[in-house]
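The structure appears below as structure tokens.
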Amino acid sequence: MKTSAVFSAALSLLSSLSLVSAASSSSESSSSTILPSTFKPAPVFKNTNLVHIISVEKNFVKENINAVIENVAKTPQNAYYLPFTSDQISRLGGVEVKDRKDSSAPPFVAEVVEFDKESDVQYLRIQLAKPLAPGAQQTIGITYYLLKAYSPLPATMKQEETQFLTYSFSAYAPSVYNTLKQKTEVKFPSSNFPDYTKLPGTGDITEFPQKQGSKLTYGPFGEVAAGSVQPITVRFEFNKPVTHVARLERDVEVSHWGGNVAFEERYELYHRGANLSSLFNRVKWQQSQYYQPNTYALKELKFPLRVGSADAYYTDVIGNVSTSRFRSNKREALLEIKPRYPLFGGWKYPFTIGWNSDAKNFVRTTPAGGYVLSVPFLEGPKQIEGVEYEQVELRVILPEGAENVKYHTSIPSQSITSANVEIHKTFLDTIGRTALIIKARNLVDDFRDRDLVVSYEVPLAASLRKPLVIFVSTLAVFVAVWAVGTLDLNFASSKKK
Amino acid sequence: MSADPLDTLATIGKGKSTRSALRVVILALIAAASIASRLFSVIRFESIIHEFDPWFNFRATKYLVANGFYSFWDWFDDRTWHPLGRVTGGTLYPGLMVTSGAIWHALRALTIPVDIRNVCVLLAPAFSGLTAIAAYLLTNEMTTSNSAGLLAALFMGIAPGYISRSVAGSYDNEAIAIFLLVFTFFLWIKALKQGSMLWGALCALFYGYMVASWGGYAFITCLLPLHSFVLICMGRYSTRLYVAYTTWYALGTLASMQIPFVGFLPVKTSEHMPALGIFGFLQLLAFLDYVRSAIPSRQFQSFLWIFAGGIFTIGLAGLVVATSAGIIAPWSGRFYSLWDTGYAKIHIPIIASVSEHQPTAWPAFFFDLNMLVFLFPVGVYLCFQELADEHVFIIVYAVFGSYFAGVMVRLMLTLTPVVCVAAAIAISTLLDTYLDTKTPPEDQQSAEGSEKKSAKPGLKSASKPVVGVYSIWSKGLMVGSFSIYLLIFVLHCTWVTSNAYSSPSVVLASRMPDGSQHIIDDYREAYQWLRQNTKEDAKIMSWWDYGYQIGGMADRPTLVDNNTWNNTHIATVGKAMSSREEVSYPIMRQHEVDYVLVVFGGLLGYSGDDINKFLWMVRIAEGIWPDEVNERSFFTPRGEYRVDGEATETMKNSLMYKMSYYNFNNLFPPGQAVDRMRQARLPEVGPTLSTMEEAFTSENWIIRIYKVKDLDNLGRDHISAAAFDRGQKKRKATKKRGPRVLRVE
């Protein structure tokens, strides 16, 4: 009894959450605002202090700008703009902006401004929760990810060599506002970064950057005008695969009759690291397995799934791949897969994995009679070096006849490009199942823990339709067979009678 | 054991409806068993297309499903036989693909989301269930005993001779063709027995389907006329035969001519001439029959002789003239090899190089048919005893089927149905005799009574002679022993299916030290690598065995494949493989080859590799270029085929040898390299390659892929360029030694 009470409490919480989300999801359906093509942000803010942290520890770039901003205009302002190049904006994802002083506040809405497709400078508009009064200050933290950020140097190398990547950025944080004081930190995966751009120092520091362990610091710099750029290139050791998922299709199929939730994920996986200068040599590869197991080739992917997952499979276009292990027990469900061949730079390996889980683990009923499904938005591999996803298409296939579909997700809205409800026909469906299709782009595996909550209702008539249809059509077949059987097609029969 | 329970047992099945219900249930169970027994490989491995030819059929089916029927009909495939291409739509039997395409579309229409691959994989087992039912129907036409039909269905369902070509994943023409064969025969017997045009037309329809499905349709085309001919010779000409045969021939030939690959062959080639001849002969007989009824018998006699003799002479002369003039094609090579088993080896090595075209070894009969092979003659003998029209058919079929099965391993398949039917007749006759519970009235006592009676000869002679077996002991012994034989047969079939016929051959299974199964998946590893990491139109050169697999799994253009329609092109590949690099490189450049794929079993001890097939490549190439390729030079002076240090220079310099063993010695300590397949210790210095570079080698080295180098940037030939590269290293070595030498100016 007690557990059920807890249960219903949790359910009501979930249902209220989904209702809230439904309201918000309708407003954020378009993630960009259209402005006149001559648009240029007004210099209404200044950054009094700014710390720009660039992390190249994983195979995507995570940048973090913490800024104290001050309104220098006469009127209250609520839109803070952040500039990107048009190339960057296509690779930009996972933007989250928070109020640094108030961690409990919901993140600010950040969206790409749509004004002139040809322009090389594009803007991200951050909508502050409340307009900032003239002269007032606020501390904001902007986090975003850039995909396909590196280029290997040398671009081709031997398979036993160590891979180095380069990344270029500006020592001055990109801003359309004047910045009084700032510094830029770069975090590397290891302390081996042989080449980086050096700048003359200011004050008592003779030369930038300063090196501390696996970290480089450019700055602090003095006042920098809006739009200033100081190009920096760093080259660092990254002897790990640069895993890039060009496209991930993730299907979540809910079956009420079977009490099952089936997952299937189709990956289009690339290695964006250095290409091989001389072609793959199996002898060297087998030897290096013993002597030098650390390699930049992708050998294995690990998928920690939700506890209770079962019947995992791993296939590719020509059938089952036998090099996988699946361990599922009370504490964990770990799927370890190996590609058919070790993946080197420039190589490609598309594959499919899937598994089942009991519907109890994901679906709850609400007191009102509806259902709430809560699944992870992403369940991709968990690798030390990280994984980036360029395109993600999540299809949640609900039971036939499901209606009133609402969803909520904590994935940054900037990354979600569209969400539609469509019809998916399978397994003797007559009207087809309701499918919620969410398309997202430029995500990274840091968002593995984010959930997608979908609420929906299934009328009783809809759930009884299928057995009824099957029963009636089978009956019809039998009747038809019987009717045909009674026909007499024999020429002679009439004579005999 | 008293007779009572036996009687009650027998009366249970007496009711007509009970019997037919039982029959339906038993047939359904047999069909289910025959499907289930073919699923070993799916359960053990996965739902995968097996071997070589099925991969082409699978690819063609995917093309059909993706592009529709008409573009499939007109399909010109530029991804095989580069640079010639293949008119695939016109050179295949479309029945198989169309069948699975239709099934797939039907399931889709019911919104059952089934993968076309699963349809293809499970098509053969599904049709084997139908074959069992067809065998039941065919046998029922032979005897009045229903149990014979059920036994035949059971034998057909699990006989290894048929399972060998119809396990799940064996997606080949035979998968549906055997069902069509048996069913066409059933319809033929039905048409013949009833003289019915409807059954004849149905027979023609299924014959047309058979023609669309398998080149083995010629077996029907020859067997039905032969059967008719034998019947006529036995003086059994009847209007029933006339109706059945003419209906079948006219409609069937028209139907068969709709298949582009067959086209006008039914009126042009010698294989089809018997059918045409018997057709004409039957018209004559009908005419004569009519004349005989119209004119007096004395005149008729002379008329018959003149008329028949004249027609026969004219017909034969016409055939000879037409054949020599080239209007009618002579027998094709494969047919010649059916009469002369040594023919192919001398004239067409490409046919002889296929293992399934070899003559059958005796143990294979037992392996594929087990005890049926002993019961088969008994069944045929029983057919002789009755010798109605349909029994003549079984006899004719048995004779020809046995001959062909003896000539070519593959044709064991066409023999199996008649063996099953004959054996079923034999066993059911035996069981009917021994399981007859009816005993004569005076013998209603127990078994002891009958024994006593046999001890008194006086009484026995006085009583009426009773024919039959009444002793419970002899009944029990006979029935018991046959039950055991049947059980052993089932065990044998299961064992053979599980061990011999259920390997996909794309995937190899081995055991880990702890006993768990380890899958060796090198083929797909390499094919997947080719598919994902080479250009879409990179041309792959390999021996023709792997052409279909490369097309199906790697999706890359190939030079030659298992279709083997162009012997010269195959010989070209054989020449490239067996010649020196200097000779091979221009050939490969001319054919725009990007990658060369070889199969190497030396590391794993895998016997089906290219070095073992190499002599066939040499032979086929020698057939076209006897001056340039010479089989003898691949053997040592003592006539041995060696790959170690003793191998001949020709062998060591051949491209195939180099590609197989390139870099192999680096895997071992110096001088320790061993080819585990051939148990040969390889020379310490491995072969060098200058016109190509290693591109990929699979985990167990089964597949090795080489990239053909582009022309040298400096315009040198590759040999000198490679020598220069190696020379540089040597020069460095001499430089190191340099300082020791004192230079005096």
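Counting begins at 1 with the first residue displayed.
Positions of Cβ are set from backbone N, Cα and C atoms, glycine also.
Bear in mind that TrEMBL entries carry predicted annotations, made automatically and left uncurated.
Values in this document were obtained by computation on a predicted structure and should not be read as measured data.
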Quiz prompt | Matching range for TrEMBL feature annotation, transmembrane segment, among B:195-221, B:303-329 | solution = B:303-329
Self-check item: Candidate ranges B:91-107, B:414-430, B:584-600 [criterion: TrEMBL lists as transmembrane segment]
Solution: B:91-107
Self-check item: Whether the transmembrane segment (B:477-497) meets the transmembrane segment (B:91-107): three or more C-beta pairs under 8 angstroms
Solution: no
Self-check item: Helix-strand-coil residue split for the domain 'STT3/PglB/AglB core' (B:539-589), DSSP-based
Solution: 32 helix, 4 strand, 15 coil
Quiz item: Which sequence positions outside the transmembrane segment (B:303-329), separated from its termini by at least 6 residues, show Cβ-Cβ distances below 8 Å to it?
Solution: 265, 268-270, 273, 277, 280, 284, 288, 291, 295
Exercise. Test the contact criterion for the transmembrane segment (B:144-163) and the transmembrane segment (B:241-261): 3 or more CB pairs under 8 Å, pairs 6 or more apart in sequence, then answer yes or no.
Key: no
Quiz item: Under a Cβ pair cut-off of under 8 Å, which of the recorded stretches B:21-43, B:119-138, B:175-192, B:241-261 contacts the transmembrane segment (B:91-107) most often?
Solution: B:119-138
Quiz item: So what's the mean pLDDT when you look at the domain 'Oligosaccharyl transferase STT3 N-terminal' (B:22-422)?
Solution: 88
Quiz item: Looking only at residues six or more beyond either end of the transmembrane segment (B:241-261), which have a C-beta under 8 A from one in the stretch?
Solution: 73, 89-94, 188, 191-192, 195-197, 199-201, 203-205, 207-208, 211-212, 217, 224-225, 228, 231-232, 267, 275-276, 278-279, 282-283, 285-286, 389
